[in-house]
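K.L.:
Okay, here's the structure, questions in a sec.
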Amino acid sequence: MSGNIKKIGVLTSGGDSPGMNAAIRAVVRTCAFHNIECTGIYRGYQGMIEGDFKEMGPRSVNNIINKGGTILKSARSKEFMTAEGRKKAHDNLIKHSIDAFVVIGGNGSFTGGLIFNKEFGFPVIGIPGTIDNDIYGTSHTLGYDTALNTVVEVIDKIRDTASSHNRLFFVEVMGRDAGHIALNAGIGAGAEEILIPEEDMGLDRLLDSLRKSKASGKSSSIVVIAEGDKIGKNAFELKDYVEENMPEYDVRVSILGHMQRGGSPSCFDRVLASRLGVKAVETLLEGKSNYMVGLIKDEIALTPLEQAVKGKSQIDQELIRVSDIVSI
Ligand code: F6P
């Protein structure tokens, strides 16, 4: 392994996600395993700018593998978007003798890391952490699996009350630009319809589908909507629209919101975080930089950070077909 890197910084950035702590733990302990130092950078890039650093040894990450959120805290730093802010951050890294950093976050966090690398040649590795699963170069981002399980558990509960009252529920889930949570949790929870940003289903098709559901003998229905859906109406407007056009439906709305980002990570997310954390540090020690570590066909693989930022994670079209069939 390369002798150039003696100290690695680790930070979490952007929206938190379950599994970030498990990834921090893996990064810290892989550094200890290879006899190099590790520094925790608090509050994402903002903490890097303000010098909010703390040395981390293997015992500093005891009992966090099972915890949601991030012990390092997270932030979306506006100052890091400026050249002045990045210069301050670089000065702090040099002052603390940090040779490289691992950033756990989403697209915006990787873009920041990439710009930083271009400006200062500073070695950076990204670990994909977001519940949205919207990052190119990995089949799963950290927190996505946990969020799916949370959403399915909640929709199961909503279904109990929906069926008791013969109601239609619009359930809005997170996913600003991506429908992965809606599509997968929707199938897992047996939703009648799933509205995602990648597909403009159209209001007519929605009404048509609800009519068919009624005619086929369904007394209650669940429609899952990704928050970034492109149908042109939010969940409350959809409720009004359906009630105007189909007065036979008694409609309610549930916005699941930030509960989807919290909670103890699933076993899948803990194992993924551990594998990604080890690979991130060992990639830096091999003298490589500017990569994202991800899961591709069950193997941990490297994708150039630039590609991870520019590429678009795709919705599995087969899942849309499956959903259409099993919701008949
Ligand atoms: O990117 C993850 C995410 O949870 C999105 O699904 C959601 O739109 C956004 O973060 C919410 O961000 P904030 O917590 O800043 O409101």
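Backbone N, Cα and C define each Cβ position, glycine as well.
Checked TrEMBL, it gives:
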- 7-283: domain 'Phosphofructokinase' (DOMAIN)
- Gly15, Arg76, Ser77, Gly106, Asn107, Gly108, Ser109: ATP binding site (BINDING)
- Arg25, Ala26, Val27, Val28, Arg29, Arg159, Gly190, Ala191, Glu192, Lys218, Ser219, Ser220: ADP binding site (BINDING)
- Asn107: Mg(2+) binding site (BINDING)
- Thr130, Ile131, Asp132, Arg167, Met174, Gly175, Arg176, Glu227, Arg252, His258, Met259, Gln260, Arg261: substrate binding site (BINDING)
- Asp132: active site, proton acceptor (ACT_SITE)
K.L.:
So if I take the binding-site residues (Val27, Thr130, Asp132, Arg176) and measure from each Cβ to the nearest atom of ligand 1, which come out below 6 Å?
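P.N.:
With ligand 1 as the reference and 6 Å as the Cβ limit, the list reads Thr130, Asp132, Arg176.
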K.L.:
Pop the Cα-Cα gap between Arg252 (substrate binding site) and Gly190 (ADP binding site) into the table, whole Å please.
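P.N.:
For Gly190 (ADP binding site) versus Arg252 (substrate binding site), the Cα atoms are 17 Å apart.
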K.L.:
Given the binding-site residues Ser77, Asn107, Met174, Met259, state which is nearest to Val27 (ADP binding site) when distance is taken between Cα atoms.
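P.N.:
Result for Val27 (ADP binding site): the nearest of the binding-site residues is Asn107.
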K.L.:
Within its own chain, what residues at least 6 apart in sequence put their Cβ under 8 Å from the Cβ of Met174 (substrate binding site), listed in sequence order?
P.N.:
Ile131, Asp132, Ala147, Ile181, Ala226, Glu227, Leu256, Gly257, Gln260, Arg261
K.L.:
Looking at the binding-site residues Arg25, Arg29, Gly106, whose Cα is closest in space to that of Thr130 (substrate binding site)?
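P.N.:
Answer for the nearest of the binding-site residues: Gly106.
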K.L.:
Listed binding-site residues are Arg25, Arg29, Arg176, Ser219; which of them have CA atoms within 10 A of the CA of Asn107 (ATP binding site)?
P.N.:
none
K.L.:
Determine which residues of this chain, when Gly15, Arg76, Ser77, Gly106, Asn107, Gly108, Ser109 are set aside, have a Cβ within 8 Å of the centroid of the ATP site's Cβ atoms, and list them as they appear in the sequence.
P.N.:
Ser13, Gly14, Gly44, Gly105, Gly112
K.L.:
Where does Val27 (ADP binding site) sit in DSSP terms: helix, strand, or coil?
P.N.:
helix
K.L.:
What residue among the binding-site residues Gly15, Gly106, Gly108, Gly190 has the most other CB atoms lying within 10 A of its CB?
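P.N.:
When each Cβ's neighbours within 10 Å are tallied, Gly106 leads.
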K.L.:
Between the Cα atoms of Gly108 (ATP binding site) and Met259 (substrate binding site), find the distance and write it as a whole number of Å.
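P.N.:
Distance between the two Cα atoms comes out at 22 Å.
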K.L.:
For the binding-site residues Ser77, Ser109, Ser219, work out the Cβ neighbour count at 10 Å and name the residue with the minimum.
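P.N.:
Candidates: the binding-site residues Ser77, Ser109, Ser219. Fewest Cβ atoms within 10 Å: Ser219.
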K.L.:
Work out how many Å separate Arg76 (ATP binding site) and Met259 (substrate binding site) at their Cα atoms, rounded off.
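P.N.:
Met259 (substrate binding site) has its Cα 19 Å from the Cα of Arg76 (ATP binding site).
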K.L.:
Could you tell me the maximum Cα-Cα distance in Å between the residues recorded as binding substrate, namely Thr130, Ile131, Asp132, Arg167, Met174, Gly175, Arg176, Glu227, Arg252, His258, Met259, Gln260, Arg261, rounded to a whole number?
P.N.:
32
K.L.:
By a 10 A CB contact count over all chains shown, which of the binding-site residues listed here is most packed: Val27, Met259?
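P.N.:
Of the binding-site residues Val27, Met259, the highest Cβ count within 10 Å belongs to Val27.
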